[in-house]
Amino acid sequence: MLWQALRRFGQKLVRRRLLELGMGETRLARCLSTLDLVALGVGSTLGAGVYVLAGEVAKEKAGPSIVICFLVAALSSVLAGLCYAEFGARVPGSGSAYLYSYVTVGELWAFTTGWNLILSYVIGTASVARAWSSAFDNLIGNHISQTLKGTILLNMPHVLAEYPDFFALALVLLLTGLLVLGANESGLVTKVFTGMNLLVLGFVIISGFIKGELRNWKLTKEDYCLTMSESNGTCSLDSMGSGGFMPFGLEGILRGAATCFYAFVGFDCIATTGEEAQNPQRSIPMGIVISLSICFLAYFGVSSALTLMMPYYKLQPESPLPEAFTYVGWEPARYLVAIGSLCALSTSLLGSMFPMPRVIYAMAEDGLLFRVLARVHNGTHTPIVATVVSGVIAAFMAFLFELTDLVDLMSIGTLLAYSLVSICVLILRYQPDQEMKNGEEEVELQEERTLEAEKLTVQALFCQVDSIPTLLSGRIVYVCSSLLAVLLTVLCLVLTWWTTPLHSGDPVWVTVVVLILGLILGISGVIWRQPQNRTPLHFKVPVVPLLPLVSIFVNVYLMMQMTADTWARFGVWMLIGFAIYFGYGIQHSVEEVKNHQTLPKTRPQTIDLDLTTSCVHSI
């Protein structure tokens with residue numbers, strides 16, 4: 001009795017949502033074109049990173065070799081982007097990595113992914129709103145901050161911000177109202193701001209190459225000491241590296257690349273528009289690939305221009321581009337760049353807010369969150385309750401919190417989502433086509449009979465018995481992918497915590513790494529020998545299983561770099577989420593409701609959506 005109860009409980013945690021023909025139908029308005037998705041991806045990705053991150057990484061971690069940092073980070077992001085693109089073509093639904101996890105690895109992992117995506121978007125929205133407020137305040141001479149500091153102070157350091165940001169609060173609430181009006185209206189604003197941002201960045205790149213000097217990529221310690229003597233400072237080699245193009249060496253490039261990786265976070269918001277894109281199978285993969293390419297070219301060009309215009313050790317991390325134009329004597333250009341930064345932060349803010357309610361909507365639609373959050377406005381066809389609730393929470397956090405200590409927490413959620421999407425692509429590529437036509441019980445019975453007919457042999461592991469996937473080959477890949485995820489996590493843990501003995505050639509730890517790599521290669525070989533699903537898609541990840549595995553390794557390795565405090569905060573957030581899931585979601589899940597319903601066997605089982613409201617509207 002106890003064993004059966006535990007077995008049923010375990011089945012609830014790993015139950016998966018089947019890919020159904022009805023998943024292409026939606027209650028949201030299909031009004032977003034490929035251009036809209038590219039503008040959304042570029043706007044949400046090409047935000048604070050290009051105006052703030054470039055100066056910080058160049059000065060403190062990489063110097064002129066920041067251009068290589070962005071190249072490495074772009075390659076890492078492309079791996080995740082390719083996986084997102086295939087799933088966007090295969091599963092055209094709203095919810096991004098949440099939905100991808102649901103149809104592949106099960107309900108508990110799907111809830112975990114969705115819950116962390118909500119965390120990432122809320123923190124991202126609040127922090128960008130504070131950055132927008134600070135940039136605007138700096139443009140007008142810091143009058144807002146000086147006034148608030150003189151009247152209202154929050155005396156809780158490391159917990160709350162120094163002062164409440166009324167401007168950031170109003171900004172988030174204003175954009176929340178814009179999103180409530182409809183995706184098409186907010187898409188128009190996104191395209192305008194993104195266009196202005198690209199024009200300003202184009203001006204920065206061209207001006208930088210005109211006014212830049214190649215000698216700034218060949219600086220020596222003597223140049224740095226001369227600058228320090230002019231400012232009565234101390235000449236210290238540690239503070240500027242060893243000079244040249246790579247002043248901080250290979251270690252600096254890798255550390256800088258890890259930071260620059262987060263500058264590409266944001267393209268995943270494209271994947272949440274599956275129910276609002278006019279042609280999701282084509283638009284989503286194209287939007288992701290094109291937006292990542294544009295962002296890389298912009299980051300590469302701006303970082304090159306920035307480090308050519310002035311010595312990297314003179315950069316101001318808070319406002320590197322305006323200060324660079326002041327340094328070369330182009331003072332009026334400072335204000336043009338400041339306006340561009342406001343446009344960039346505006347699109348980045350909207351890009352963070354856009355997917356937030358749609359992930360909540362998708363989870364509520366599936367019953368994992370409260371059903372009221374899935375309510376859609378009849379006039380604008382937008383998830384109005386989810387939009388308002390998420391906007392109010394983000395506005396409250398922007399009002400009270402500085403959020404600098406929560407950036408790593410946001411990154412954990414994003415990297416976890418990236419890793420799960422890569423696992424999902426790997427698993428689903430090798431699964432047989434399944435359609436739920438005669439009820440879930442009949443499908444499960446058919447699967448059990450098929451598995452009994454198939455036998456697990458050595459030949460099934462290393463030789464293709466069939467040219468198309470079977471239930472047995474699909475199960476083999478599922479188990480092997482789970483083992484690979486565990487092994488890659490252990491490998492990243494060893495490489496992070498036992499770096500010194502590995503560098504010194506300790507035979508014990510070197511043997512451990514070699515054994516883990518051998519197991520990874522062997523299990524990967526088993527997956528490689530299984531037949532792949534041949535369903536025609538507009539886009540598929542090339543070189544499977546290699547690229548998804550590399551993506552998983554990179555993401556997990558970056559997660560291992562987080563501090564203990566960050567993991568503690570992450571644990572608190574997950575406790576809140578699990579309380580909601582086990583207290584409400586597991587009993588009200590759509591899949592749970594299906595299991596308790598008695599449906600006629602002749603009736604197709606699909607998602608009940610109001611198709612009369614899935615119309616395309618424009619302005």
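Backbone N, Cα and C define each Cβ position, glycine as well.
Note that the structure is a prediction, hence the values are computed from the model and not measured.
Features as listed in Swiss-Prot:
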TOPO_DOM  1-36  topological domain 'Cytoplasmic'
TRANSMEM  37-57  transmembrane segment
TOPO_DOM  83-107  topological domain 'Cytoplasmic'
TRANSMEM  108-128  transmembrane segment
TOPO_DOM  129-162  topological domain 'Extracellular'
TRANSMEM  163-183  transmembrane segment
TOPO_DOM  184-191  topological domain 'Cytoplasmic'
TRANSMEM  192-212  transmembrane segment
TOPO_DOM  213-244  topological domain 'Extracellular'
CARBOHYD  Asn232  N-linked glycosylation site
TRANSMEM  245-265  transmembrane segment
TOPO_DOM  266-285  topological domain 'Cytoplasmic'
TRANSMEM  286-306  transmembrane segment
TOPO_DOM  307-335  topological domain 'Extracellular'
TRANSMEM  336-356  transmembrane segment
TOPO_DOM  357-382  topological domain 'Cytoplasmic'
TRANSMEM  383-403  transmembrane segment
TRANSMEM  407-427  transmembrane segment
TOPO_DOM  428-475  topological domain 'Cytoplasmic'
TOPO_DOM  497-507  topological domain 'Extracellular'
TRANSMEM  508-528  transmembrane segment
TOPO_DOM  529-540  topological domain 'Cytoplasmic'
TRANSMEM  541-561  transmembrane segment
TOPO_DOM  562-569  topological domain 'Extracellular'
TRANSMEM  570-590  transmembrane segment
MOD_RES   Thr606  phosphothreonine
MOD_RES   Ser618  phosphoserine
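Highest Cβ pair count under 8 Å relative to the transmembrane segment (541-561), across stretches 163-183, 383-403, 407-427: 407-427. With a threshold of 8 Å between CB atoms, the same-chain residues lying at least 6 positions outside the transmembrane segment (245-265) that come near it are 45, 49-50, 53, 56-57, 61-66, 68-70, 72-74, 76-77, 217-219, 292, 295-296, 299, 312, 407, 411, 414, 558, 561. Packing against the transmembrane segment (37-57) from elsewhere in the chain are residues 66, 69, 128, 131, 187, 190-191, 193-195, 197-198, 201, 256, 259-260, 262-267, 269-270, 273, 277, 283-284, 286-288, 290-292, 294-295, 298-299, 302-303, 306, 315-321, 337, 340-341, 344-345, 347-352, 354: each is 6 or more residues past its ends and has a CB under 8 Å from a CB in it. Outside the transmembrane segment (407-427), and at least 6 residues removed from its termini, the chain residues within Cβ reach (under 8 Å) are 79-80, 83-84, 86-87, 96-97, 100-101, 103-105, 109, 112-113, 116-117, 119-120, 123-124, 127, 262, 265, 268, 477-478, 481, 485, 527, 541, 544-545, 548-549, 551-552, 555-556, 558-559, 562-563, 566-567, 569-570, 573. Between the transmembrane segment (286-306) and the listed ranges 108-128, 192-212, 336-356, 383-403, the one holding the most Cβ pairs under 8 Å is 192-212. Of the two recorded stretches, the transmembrane segment (383-403) does not lie close to the transmembrane segment (192-212), with fewer than three CB pairs under 8 Å once pairs fewer than 6 apart in sequence are set aside.
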